[in-house]
Amino acid sequence: MFQALSDGFKNALNKIRFQDDEKALDRALDELKKTLLKNDVHHKVARELLKKVESQTKLNGIGKQQFLDALEKSLLEILSAKGSSGFTFAQTPPTVVLMAGLQGSGKTTTTAKLAHYLKTKNKKVLLCACDLQRLAAVEQLKVLGEQVGVEVFYEENKSVKEIASNALKRAKEAQFDVLLVDSAGRLAIDKELMQELKEVKEILNPHEVLYVADALSGQDGVKSANTFNEEIGVSGVVLSKFDSDSKGGIALGITYQLGLPLRFIGSGEKIPDLDVFVPERIVGRLMGAGDIVSLAEKTASVLNPNEAKDLSKKLKKGQFTFNDFLNQIEKVKKLGSMSSLISMIPGLGNMASALKDTDLESSLEVKKIKAMVNSMTKKEQENPEILNGSRRKRIALGSGLEVSEINRIIKRFDQASKMAKRLTNKKGISDLMNLMSQAKNQTPPKMR
């Protein structure tokens with residue numbers, strides 16, 4: 001995410017080499033302008049950002065650090081709007097949220113992603129299928145609800161208003177914390193759609209109306225969001241499909257253009273790939289500093305503290321087993337796409353695009369490891385050191401792999417186990433900190 005913009009900002013920075021060089025500042029601003037417009041930032045937003053950066057840089061004296069500080073401060077101002085980040089809960093549950101958007105915007109999938117996000121916060125969520133315009137919408141929400149592990153409310157041969165009313169009643173009676181209503185979409189905005197949304201909104205009296213905007217729609221998405229806001233009132237925007245070769249400009253400008261807070265960003269195809277939009281954190285990514293806080297939050301949502309402690313003890317003693325290995329793979333899968341996770345780590349933003357299609361679920365290597373482990377006895381799974389030649393031949397036969405592949409996987413597992421053991425001791429932690437420090441020092445000031 002934001003890699004093209006981040007690279008463009010670095011190019012602009014490199015135009016400034018000496019202090020108090022106004023011509024260099026002009027070149028940097030020109031490069032910044034090209035980057036913004038090339039990445040689909042609205043011309044009014046680009047003009048305002050350039051104005052802020054120029055004014056702030058000149059105020060503090062022209063130089064690389066001053067330009068960076070001005071850019072960081074100006075980006076934060078452009079990205080900030082009145083309203084909350086992430087999800088806001090009502091004082092008295094259930095919190096009712098009406099999800100709105102055009103057909104094909106990813107509204108239904110985003111609704112399920114939001115349900116997953118809330119479930120990681122230990123909230124009881126009810127999904128309501130009110131999109132009766134698209135034939136597969138109800139079925140899609142049912143399937144997604146099952147994947148997430150939340151209840152989906154739907155009714156046949158009922159009007160949208162009846163379904164919404166009954167869903168609200170169900171949410172209150174069963175003491176759900178949150179009710180997410182997937183409303184109808186259209187290929188284009190029309191009076192019929194808006195009238196239906198107004199009627200549903202009147203019945204639900206929702207605490208939030210979140211508009212799902214397709215990141216690939218560019219400025220058309222901003223215009224559509226503005227129309228929805230004028231017609232039914234929108235409290236926040238969720239940007240979907242942001243990983244799909246999006247230029248990133250819509251995220252940079254939609255808050256400033258509409259005056260509405262951007263609440264979440266869909267950062268991948270997987271259900272967990274939904275990131276809270278916190279302006280300070282996004283500026284960090286834009287400046288090449290990653291987003292360690294969001295990464296820590298995602299990790300904490302799937303890791304049990306007691307399990308982590310037990311695993312740490314095993315690693316220190318060199319007792320990491322194949323079962324532990326598979327368990328950790330399952331944990332990582334729950335965090336979302338690899339590219340989304342990598343983009344949060346300082347200095348590794350460039351790797352995110354290379355890992356865009358990396359999927360642990362469909363990875364051939366992971367499938368081979370699973371096949372190998374499933375062909376082992378319980379004793380072998382817990383004691384890798386007993387895997388002699390005859391055992392490896394039997395495992396190869398049972399898993400459909402070559403003995404050479406079994407040997408290779410076991411060797412890599414052994415290397416990983418030794419490395420993990422090394423990193424759990426004091427010297428290993430020191431080495432890791434030094435490595436992170438080196439990576440940090442390879443980038444320009446503040447472009448961490």
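Here the Cβ of each residue, glycine as well, is placed from N, Cα and C on the backbone.
Database features (Swiss-Prot):
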- 101-108, 182-186, 240-243: GTP binding site (BINDING)
For Gly101 (GTP binding site): intrachain residues, at least 6 apart, with Cβ closer than 8 Å: Lys107, Thr110, Gly185, Tyr211, Val212, Ala213, Asp214, Phe228
For Gly104 (GTP binding site): intrachain residues, at least 6 apart, with Cβ closer than 8 Å: Gly185, Leu187, Asp214
Densest Cβ neighbourhood among Lys107, Arg186 (binding-site residues), 10 Å radius: Lys107
Fewest other Cβ within 10 angstroms of its own Cβ, chosen from the binding-site residues Ser183, Phe242: Phe242
